Amino acid sequence: MNTDRATSSTTDYDDKTPEVPTAIQDNVGDVEKPDGNKKETAASDKEPKRTVTGLKWFIIYTSLMSTVLLFALDNTIVATIQPDIVETFDDQQNLAWIGVSFILGQVVILPVGKAYGMFSMKYLFIISLILFEGGSAICGAAPNMVAIIVGRAIAGVGGAGVYVGGLTYISVLTTPHERPLYLAILMSVWGFGNVLGPIIGGSFAVSSATWRWGFYIVSIETLAVEFMVY
């Protein structure tokens, strides 16, 4: 008899499963199934914001694009004015050095890139612009082929600094999310400048301005960009 009562009590206890309060069930559900929207919001809140915006950013980015465009122009502008340079100085023997000296000047791109991580970006960029501008001016006013070769080497050094500086500025001033877009635009400007260089050089070569203005125009435009950067 007592055994039957014990069995009955145990059965009754098993049948009555404890109920979990609704509030606790809701909390458990939240833990097991986190809200995806909350995760996205938290991730967007943690993404760094660009420190330079508005008109200031527009001026900076326009200046960077302008300098890269000028460097690209100077990279290929001599392609169509070399015959006129040879005719002016009657020095075909040193013709190849016009292009080679510019490329040799760009070899400093590695130490310049290191310098941008150690010293003031602004002043290194301005120094690079001055070298690039000065080298182009020397080429425009050159009395002989040797002066053009020296000017091209100086312009190559400055151009390498300008190019690396532009990439460094964009890497520092943009967020990881938008950086690929701004770099892609800059590379497009670089490609456009390389295509446009021979066209501009050829235009000066056949005009009364002569080939010298192919270098002068780069120097003058670089001077204007210096004021924007400063």
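Just so you know, glycine gets a Cβ as well, placed from its N, Cα and C.
Whatever TrEMBL says is automated annotation, not expert-curated.
Summarising the annotation, TrEMBL assigns compositional bias 'Polar residues' to 1-11.
Annotated compositional bias 'Basic and acidic residues' per TrEMBL: 30-46, in sequence order.
Among the features that TrEMBL reports, region 'Disordered' is placed at 1-46.
With a cut-off of 8 Å between Cβ atoms, the residues of this chain six or more beyond the transmembrane segment (58-82) that come close are 52, 95, 98-99, 102, 129, 132, 136, 152, 155, 159, 162-163, 165-166, 169-170, 173, 182, 185-186, 189-202, 204-205, 211, 214-215, 218, 221-222, 225, 228-229. Residues annotated as transmembrane segment in TrEMBL: 58-82 (among others).
The transmembrane segment annotation in TrEMBL covers 94-112 (among others).
Taken from TrEMBL, the feature transmembrane segment applies to 124-143 (among others).
What TrEMBL records for 149-169 (among others) is transmembrane segment.
Taken from TrEMBL, the feature transmembrane segment covers 181-201 (among others).
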Cβ contacts the transmembrane segment (94-112)/the transmembrane segment (181-201), at least three under 8 Å, sequence gap 6 or more: no
Residues of the parent chain within Cβ reach of the transmembrane segment (124-143), under 8 Å, 6 or more residues beyond its termini: 67, 70-71, 74, 105, 112, 115-116, 150-162, 165, 169, 212-216, 218-219, 222-223, 225-226, 229-230
